[in-house]
């Protein structure tokens, strides 16, 4: 089965999770204050000093950016070069030309693979199928991004049509027998496999497993049922996510009963003394955290935790169809189908990990519950005994407010984090760890989708130009508020036959050279004599700028700094994971390994040595006093055990729903959820009558892999401790440590067993086999600092 990059269940769980539930941020560094002197900047590489200075200015100085971007447009004096320098995409019609050209190339590859009959021809099957995947991704990934991001409706529509055309072709390939048989023949011939590179072996194995999942070898009737089920799942899943509703959409109270809630917020929902609060959204969450009247809090809590009957029905129908699909594909359950190519390998291993993590976390949560109960007993009169489910968020909020009142205002922190200095800091950090830096690059006419977009070239000390990063970081009307990292084109080696094929395109005047034609005009590099298409990445954030003619730069909150570091963790994985084959490049690795580099970067964002590289007051240029960060981290970590418990239970729930239980006539998603809370939780259990699982939208996107973010939190914390020495003695900015991470983890993308990557970077052979024992060991490491 051929897959595109965007088909991964999620790109960035850190940001996506905020859409469904409010979650306390994980503090990712020790809060103990460590004094750190400013670290000198390494500007030894040619042009590095200029790039370092310019990097800050293009984000922090509107005047400098206006001059920088305007001069680039004037200097080229030429027509539009196309989005991302893709020469086809100079106008809406170009998307159809791009799709049709790619489609013809893909069809030639399919014919070539299907007609293979000699050893020499079979030797190329793995690489040809990888190129086929790349051709699909070139159109689908880029078009998917453009249709969601570009402000021009005509271009959006053209991108959508190109996306649909290639996606339809991909589905045809995935239900057509022949490609899988040819791959099987190649893999079963020792003479052929012996001549393959390590990457070719890995890619062939990935494709073989994917073909098996697609039921392509089933009898015709069963295969048709598989296709029908897949279509039904693709329809009911989005319906469940997009149209989930509460049983009671609104609750009405006399405004006098909402004492404690922000009066400004209350007035927004009040008419003639009656306050009508929507039960889903920020207002209800704020009420549960702040309303003093326990009966009111209880009523709101019950409503926010009770999905409509139709929503729960859609959820259970989705689970039943997935269970049937798995059985049809000869798997014990959908979890077995989904986890076979993940680090976990099986549901049993995930359970081992979650139970070990739960055991490690349980004592922490019990302490937090005890603190909440003690606070309730000393600050309430006549309320219900014990800690009730509707008490938790309220008393957490009360405790945090009392702590916050004795600390510095966290708003002061943002003065030390102008966007330009943070980008400068990321570049300096990457230079120290990995020998790559971010270099501002003037864009050509038509290259970007908005005038606010900055292009950064990634420059390596040893390999020169290695990636292109488009940064769309400022807020504007109509733009999605959710931060994200998009891989628009993956790394891949371009072969000599491809250059020969491209000669016909370069002769029509659209491209100047065969090399340009082979990659549609987008960035390439010929380091070490090998031509490669370079990773092309888009980074989207929604940072607020000052309105009008203010010269003040965009100032980030500390949470926004962590978010930017997180997203750049995905980017550095794409940048350093420049493999020869597309299927294993960068972030195209096991789902439960993909978040590791990004979560690890959150640790760097809170480290004194890293912050000393860049965090300075935007007006006075004074360095950041680290105790301000330490206070913020201590506050964020106050109840992290409770958050971890919730994530553990949701991960267990995801696993249970994707077992064979949905095929039972007595399947009840509510009973399963409440039973898991009772068995594994120390926090108050949801009351009878509630059915919160109807709001668990990630069940569709994650499908047995919700544990992944917890898993990667544990891995990231362990690597931070072992490899980067918890940041002690400058361990967070030492090249040797960065090289260890790059050589053992990042450079492989998905081309190496992630358990071998983990064992190598930690020098811990106990986990190399990746069995249930290894999962239990990882779970025992825990997430608590």
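Positions of Cβ are set from backbone N, Cα and C atoms, glycine also.
As annotated by Swiss-Prot, transit peptide applies to 1-26, with the evidence given as sequence analysis.
Residues or ranges marked as region 'Disordered' in Swiss-Prot: 26-51.
Under DSSP, residue 573 (Zn(2+) binding site) is assigned to a helix (H, G or I) in the three-state scheme. Feature annotation from Swiss-Prot assigns Zn(2+) binding site to 566, 570, 573.
Under the DSSP three-state reduction, residue 567 (active site) is assigned to helix. Using a 10 Å Cβ-Cβ cutoff, residue 567 (active site) registers 24 neighbours. Positions annotated as active site by Swiss-Prot, on the basis of sequence analysis: 567.
With every protein chain in view, the residue among the binding-site residues 566, 570, 573 whose Cβ has the most Cβ partners within 10 Å turns out to be 573. Taking CA atoms as the reference points, residue 573 (Zn(2+) binding site) and residue 567 (active site) are 10 Å apart.
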